[in-house]
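Below is one structure; the comments refer to it alone.
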Amino acid sequence: MVQSAVLGFPRIGPNRELKKATEGYWNGKITVDELFKVGKDLRTQNWKLQKEAGVDIIPSNDFSFYDQVLDLSLLFNVIPDRYTKYDLSPIDTLFAMGRGLQRKATETEKAVDVTALEMVKWFDSNYHYVRPTFSKTTQFKLNGQKPVDEFLEAKELGIHTRPVLLGPVSYLFLGKADKDSLDLEPLSLLEQLLPLYTEILSKLASAGATEVQIDEPVLVLDLPANAQAAIKKAYTYFGEQSNLPKITLATYFGTVVPNLDAIKGLPVAALHVDFVRAPEQFDEVVAAIGNKQTLSVGIVDGRNIWKNDFKKSSAIVNKAIEKLGADRVVVATSSSLLHTPVDLNNETKLDAEIKGFFSFATQKLDEVVVITKNVSGQDVAAALEANAKSVESRGKSKFIHDAAVKARVASIDEKMSTRAAPFEQRLPEQQKVFNLPLFPTTTIGSFPQTKDIRINRNKFNKGTISAEEYEKFINSEIEKVIRFQEEIGLDVLVHGEPERNDMVQYFGEQINGYAFTVNGWVQSYGSRYVRPPIIVGDLSRPKAMSVKESVYAQSITSKPVKGMLTGPITCLRWSFPRDDVDQKTQAMQLALALRDEVNDLEAAGIKVIQVDEPALREGLPLREGTERSAYYTWAAEAFRVATSGVANKTQIHSHFCYSDLDPNHIKALDADVVSIEFSKKDDANYIAEFKNYPNHIGLGLFDIHSPRIPSKDEFIAKISTILKSYPAEKFWVNPDCGLKTRGWEETRLSLTHMVEAAKYFREQYKN
């Protein structure tokens, strides 16, 4: 009989209960026991929801207070020495590794000052994981038994679950060697790590687990030979052990075909494959399945919010049943549902027609179950009919098509994506306008979003204050930020973005073709959640979006103020995109909307315009090849279409987060100045790659995701390291990213120390 399965469910709670609890704990407002109770309540709620929906195979150990990869590092004792010396509790160690910790000594606790581990994008999603850091002194051992405890927790509720673990090869491959052990190959630690996996799996079996889901998402990457060999070695090893639960080897986000040789013949009970992202792999995967293995068909999209087409999905599952038999097929989500909002029923303000196009995590449970029942011959005719009508109505919807937008995209030519002169000719004109010192200082855009800002925005949205009152409040906040920047001596200022709720949502709300949720939160990292806008139809800008605030900010200072925009690729990648139009087309529509805004800012007297692209690397296809090179070409073109309509003397900036970007790809954007998140890299080789980069650059100097405050000496040391490989005359001094999530006191001190460090180097380079 065909079974239904879910690979993971959002951990945040329908009303962001996890965020409120973790931040409450960090701020000392709740105890650790109260935090743990919230976690237990959320897990219970998720398991019961899936059970009541009729899901056969329900995941456990998909919950985390911060990040599932970080949980594994704590479980296996992959904890760098800088954390262990403080004798923190396990949960405080977890949080210190994720976000850093800086606290003064008290009567009961000693002082702590430790930076966070590196945070990296989870494949091509907008989720971030905390990267495991290995050294030659890493000693694997079990710290607790979280997967077992959560399995038993569900068992007490009468719910039999399938525990989820990130696999050993993916865990090692996605990690890195510590800076003191750079010659260490993480995969060389596999033999030491496998016994710990076996120990956890044995404990799970003893607790009553009959099956486990082991995720090896690296199987959709271009794996080197040693990683493919590691897959064979790891799962052959598991197959040689006795009394372990059956293993479902799970992959997602792409095709496994290039790595099928590593998968064939493995002693695993089932293979899960993502047929949403890579339906073309079906025949080769089915041919590679062993005679007794089950195929888990990932057919309900774990990454996007569009309603499933039951007819198409059922056809794919039936094809698998024809090849393998019903007992060897599972209907599943393509990946964990972590990447989707929790429940569409919480959306009360969406247009009814548009709402009918969507399916959030809770609704996706029903989709998995309906498809399973349909292919099993059960009567779901009413559900199939309603689904078919919904799918058809979306294709005909008035919200989808705009002929004028399509015509404008078709008219894009090379001239529209080329600045009037090359950088070496633009630079002297810009220097004449700005007369900036060596080591110019700036920030990336946002300043702290205080409680007062959120309260007033909420009042305005509810209509309890007028537009005039709200504008007056926003202007007062802008003035505070401008005066602060002048006071500490920053060179190129920002207005602080107090009017913006989110860097994509703010613009999306002013662009035709977008839809927005009230409660469609998705975890980005830790307690940082986002509400991705939804691209429903063709995109266009009806009027100026940011000019008013930028003009006001520039009017109250003699220093240059940057106009701040979010780039076309980031607007695309940090939205739920359409699935009926290719992403290049959507990017070009956004580029044209932003081009109009850039030109309006310049016409209004804004001389520095920053178009942020923190998601540029995220959009890259996971595998090398023509798709990847094509992506870089059209992504760079979209940026240039947005920014190339300005005069030579107008300075274009851009910014990238979490990005291992090739300098040549950044060069293709032709921005005058770029800033890159860098504070947690400590990578001299990466700096050296930019030695011959022709334009100006700022490598981020402090981690804005951590409350920790770097000293002036730390800034000096970091800049000194950079200047060994990068020319001083091209270097800008800036933080990693925007300061929206930080408090004012830590912002004030960190930026003051940063400016003091820049002034120190100006003295050093005077002659």
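Every residue gets a Cβ built from N, Cα and C, even glycine.
Residue with Swiss-Prot feature phosphothreonine, selected from THR236, THR372, THR566, THR570: THR566. Within the list SER64, SER242, SER314, SER750, the entry that Swiss-Prot describes as phosphoserine is SER242. Just one residue in SER575, SER629, SER725 has phosphoserine written against it in Swiss-Prot, and it is SER629.
Among the candidates ASP343, ASP596, ASP600, ASP612, the one that Swiss-Prot lists alongside ILE444, GLY445, SER446, GLU497 as binding L-methionine is ASP612. Swiss-Prot annotates ASN126, ASP502, TYR525, ARG528, TYR529, TRP574 as 5-methyltetrahydropteroyltri-L-glutamate-binding residues; of LYS19, LYS233, LYS389, the candidate listed for that same site is LYS19.
DSSP assigns GLU677 (Zn(2+) binding site) to coil in the three-state reduction, placing it in neither a helix nor a strand. Of all residue pairs in ILE444, GLY445, SER446, GLU497, ASP612, the annotated binders of L-methionine, the farthest apart have Cα atoms separated by 14 Å. Each residue contributes its Cα atom, and for SER706 (phosphoserine) and CYS737 (Zn(2+) binding site) these two points are 11 Å apart. Other residues of the chain with a Cβ within 8 Å of the Cβ centroid of ILE444, GLY445, SER446, GLU497, ASP612, the L-homocysteine site, are THR443, VAL494, MET503, MET564, GLN610, HIS655, CYS737, GLY738, LYS740. For SER446 (L-homocysteine binding site), the recorded positions whose C-alpha atoms fall inside a 10 Å radius of its own C-alpha are CYS737, out of SER89, CYS657, GLU677, CYS737.
Secondary structure at SER629 (phosphoserine), taken from DSSP and collapsed to helix, strand or coil, is helix. Taking Cβ-Cβ distances under 8 Å and a sequence separation of 6 or more, the neighbours of THR566 (phosphothreonine) in its chain are MET503, VAL504, TYR506, PHE507, VAL611, ASP612.
Taking the C-alpha positions, the distance from SER89 (phosphoserine) to CYS737 (Zn(2+) binding site) comes to 30 Å. On a Cα basis, GLY445 (L-homocysteine binding site) lies 13 Å away from CYS657 (Zn(2+) binding site).
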